[in-house]
Each structure stands twice: as C-alpha cells, then as structure tokens.
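Here the structure is laid out as structure tokens; the discussion comes afterwards.
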Amino acid sequence: MQATVKRYPTTPISGQTMGTSGLRKRASEVENTPNYLENFVNAMFNAASNLQKPGKIIIGGDGRYLNLKALDIIIRVALSRGFTDIVVGKSGFMSTPAESATIIRRKAEAGFIMTASHNPAGKDHGDFGLKLNMSNGGPAPLEVTSKIEESARNIKEIVIAELNKPLTIDTIGDIEIECEGKKAIVHVIDPLEDYIAYLHECFDFEKLKQFVSKYHLKVQVDGFNAVTGIYNKKVFCELLGLPESSLKNAIPMPDFGGKHPDPNLTYAAELVHAVIPEDSPYDIGFAFDGDGDRNLIVGRGAFVSPSDSLAILSTKYNDIPFFVKNGFKGVARSMPTSAAVDHVTSITETPTGWKFFGNLMDSGKISLCGEESFGTGCCGIREKDGIWAALCWVSILAAESERAQRLVGVKEILENHWAKYGRNYYQRYDFDEVDKKAAEDMMQMMRDNAKTVKCDLNGVPLKFCDDFEYHDSVDGSVTSKQGIRFVFEDGSRIIFRLSGTGSVGATIRVYFDKYSKDYKADQNKMLADMVTVAYAVSQITKFTGREKPSVVT
C-alpha cells in the first residue's frame, strides 16, 4: 500500500476541549463539521509531548459510531508525521483498560482511545469521544491536554497521508504501507491478547472456576452492547466456566443497541431488576460501561455502591492475588467519593478524574483507587477497570465461602462490613444538560459566599465551606476549583461540582455523604435534611429552573 503526505489550510473549530477525560461531542456535530477530526487529531500530534518524535502508538475504541472513521484519520495523520509502528485492535475494538495494558506491555509511547465512555452512542443522538494516553498507560495529564486545546484553538494547517486504497482492519495481521520513502507497519492485533495476559497476573482463574462450579454460582453480566461484550465471553464463560446465558447485551453495536451504557441503578435497570430481589436466582451481577472502565456490582438483596466497594476491597486485599504478589501500599479516592474507605485506612484524596491517580501509582504511593462514578482500579494498569473490579468480587466471594465452608453472598459481605466499620449513607443527584452559564453562575455564587454562609444540618453546625484544591504530593502541581464542599462538624458532606464528561450544556452533580453506626436506616430518610440544605445554599432551582434531578444514583 502506498501513501502520500498532503497539507492543506484549515481554521480552528470552537469547542474542541478535553474535559475530564478527553474530547466529548455529539456524533452529529463531529460528522457534519468539515475537518472536525482532522483538526483535532493534528492538534494532538502538534502539542502532545509523547507524539513529538515517531514511536509505537496503540489505537482502539469502544465500537461506537464514527470510531472507524476516527481510527482511519489517526492512522493517516500518524503516517504523515513519520510514525512507522502503529498497533490497532481488530475491527477498531479495544476497551480502555485493555488499551492501558497494551500500552504498558508493548512499551508504546502513546495510545489513542476512541470512546465517550458511559455516554450513549449513535449517529443522531449519541456522542463521540477521543482521548490520549501516555506511555505509562494512563490518561494525558492537564499540562498535556491544555497544550492540545491551545493547539486546536490556533491550528492553521492539516497534515495527513492519502492512501492509494482503503485500509481494512478486520483481519489480524500486518499491513505494510510505504509513505514518503519510509516503510510503516500497521499491526492489527487481537484486542484481548494483552489484557487477558494481564488478568492472568492478577487472579487465580483455576481457583475461581472451581468455586463457580462447586457452588453453581449464578451470574448475570451486562455489556450494554459495547466493547466489553467481546471480553465478557472470554473472561466469564471461557475462564470462569459460566454458561453464555450469563451474558446480556454482549454484541457490540455502533449505537450500543440504543442503550445508555452507564452502569448505575437507573440505566442498568434490566440487571438490577434481575439480580437484586431477595428471591432472585442470581448470586451476583455486573454491568460495565461503553469502554469497560466502570462497573456496577449487585447481589441478591444488595447494591454495592462504588464507595463501599472500594472500602471492602481495602479490607479484603489479601483475598486478591494481585495484591498478595505485589503488596498493598495505599488507597486513593476522588474527593466526591464517600468517606467509607476513610474508616478502614488512611487515604489520599484527589480531584475527580483518573489521571490524578497516575502520579501516585507511578511513585508507588498507592495500590488501589476508586471514584464514586463506578470506577475502581489498581496500579497494575493506569485506568479504572470494570472487569478487574468484578473479578475482585468473585475472588472475595470465593475466599469468604472457603472460610465459611458455604456460599457467602454479596449482601452478607456488605452488612458484615457495615457492622464493623459503620455505614456512609450516600447519594448523587445529577442535573443534566442545564444552561452552562446558569450552572457556572451558581457555582460562583457559592464560592463568593463560602466564608460567610450560615447553615446547619438538623442542629449540626457547618464546620467549613471551601472550593477543593489539590496539591499533588509527587510533582507539586496545584489543581483548583474542583468542587464546592460544605463539611459539617459530624463529618457529613454536601458537594457541588460541574461534570466534565457531558457533551451538551452542563451537568451539575450534587453529592450527599453522611456516616452512621446504624447501618439499617432508610437511606432517603437519613439524607433528607441534607437535600433540603443543598437546595437552600445553592439556590439550584432559581439558577436552573430544575426542581428535581435528572438521575439519582
């Protein structure tokens, strides 16, 4: 195959920003705006420090609409910049955690991940996304994404290779391309290969398979018709021995079959209604988002919040072979995540965004980290990992059942944890697609009033109100304006922040976190006073016109 480098003028396109984890835009906007992807991909190559000289790059994605078009453009821009070692997942597939593992195992300089994560997919009403990962396997840090955004705002020229015939990537193997006298190779690989090898280093699959067989474990796994479908069959059916009937929505589709791939109680209702009832035939259930980095854990009679999952993993790490082999050095959580894990061990508190865990993992300060937004992961790779978290829970069930000489369920583990450590009652309100200026005005009002605001929580006085600022203990960098906190004398917290993962307008997220030794109370009653205070101090209805949240998690 032959390629020729072409250059042509362009003008900047507004709104090409990277948010919490990459570019997120409506697919229709990306498709219908001339040079949208060409501009942004060129900006990435112009500005990212790990793309300034040719090295090995990895490209994959969650299978959503426009991913194949984006992959073609990334390859052709890479060729035009002299890159000769390009690795892509067959048919463009590669989950985010799998790509992180592939970057690390193949010693690549960078990875392009085509995903809008938990956002819907499709031509008309779906989103498209693109993010850049670094040589450590983790998301590009703020200093890199800021430079990419600046390049996109000032771009004047598109540089791209034109191919003499279409590039097809539906067969594993090497494709040789001659570009301007250089021979480049596009390696089309099995997107499972490196990730499954990594999982074998983390878990004892033979032991887990024996446990599943011994207790006839009934499991349901929802892949939302996204990329984890191809991984779920390998992991849960081939390696654990579960029947294929355990898998739901396991065939990847460009529009995810119309499903909203956000693994929470609202959008994973099919799984929740099947597994959580006390008379459910299922012992445990899992759901994973579009690109496979988020997880939902439910059991018969039990929903395991991400915050509780992180806390329980922190107490049961000796049941997880990865930590037995590599040691358990510490835990980090994002600031809005509940303080459940704080009652178990000392923690490092970071802003929302997995990239903030990267320095801590690279420096050996932490082994486990998690976010309230259904993300859990370890230092084995540099992305959160839904399947990894699910296998941790299977490992814990196996170990607890071996100790008890009977099948121990999710509900029993959860309640035993609460009985010992107490319970953090926790809820998140999402106000989606609100007017961006109104949301920003509301946040600024609370910042302005932070030092003078007066409120109490059913008689418990306010301890302080601030705008969370993070000081990185590794590189000394400071990240400000990461969420407004109302912290009360009993440790209860109300938190407001604007999400960086939406594609339209703004999403206001309000978090409620209250600790109690009484773990059997009604959650809504426990948090009712906090909700009333939150509406009052934020004036959210006045600013947005919304009386109720779009989603409650």
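Cβ from N, Cα, C; glycine included.
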### Task
Could you tell me which of the ranges 1-24, 361-384 is annotated in Swiss-Prot as region 'Disordered'?
1-24
### Message
Need one residue: from Ser117, Ser135, Ser146, the one Swiss-Prot lists with Asp289, Asp291, Asp293 for Mg(2+).
### Response
Ser117
## Note on the structure
Checking Swiss-Prot, the member of Thr33, Thr102, Thr352 that binds substrate with Thr20, Arg24, Ser117, His118, Lys131, Asp293, Arg294, Glu371, Glu372, Ser373, Lys384, Arg509 is Thr352
### Query
Can you tell me how far the Cα of Glu371 (substrate binding site) sits from the Cα of Asp293 (Mg(2+) binding site), in Å?
11
### Task
Note down the number of other Cβ atoms within 10 Å of the Cβ of Asp293 (Mg(2+) binding site), including every protein chain shown.
32
## Note on the structure
Taking only the CA atoms, the spacing between Asp291 (Mg(2+) binding site) and Ser117 (substrate binding site), expressed in whole angstrom, is 5
### Query
In the same chain, which residue numbers or ranges, 6 or more beyond the ends of the compositional bias 'Polar residues' (11-20), come under 8 angstroms Cβ to Cβ?
33, 35-36, 39-40, 43, 131, 140, 145, 148-149, 152-156, 352-353, 499-501
### Query
Residue counts in helix (H, G, I), strand (E, B) and coil for the compositional bias 'Polar residues' (11-20), per DSSP?
0 helix, 0 strand, 10 coil
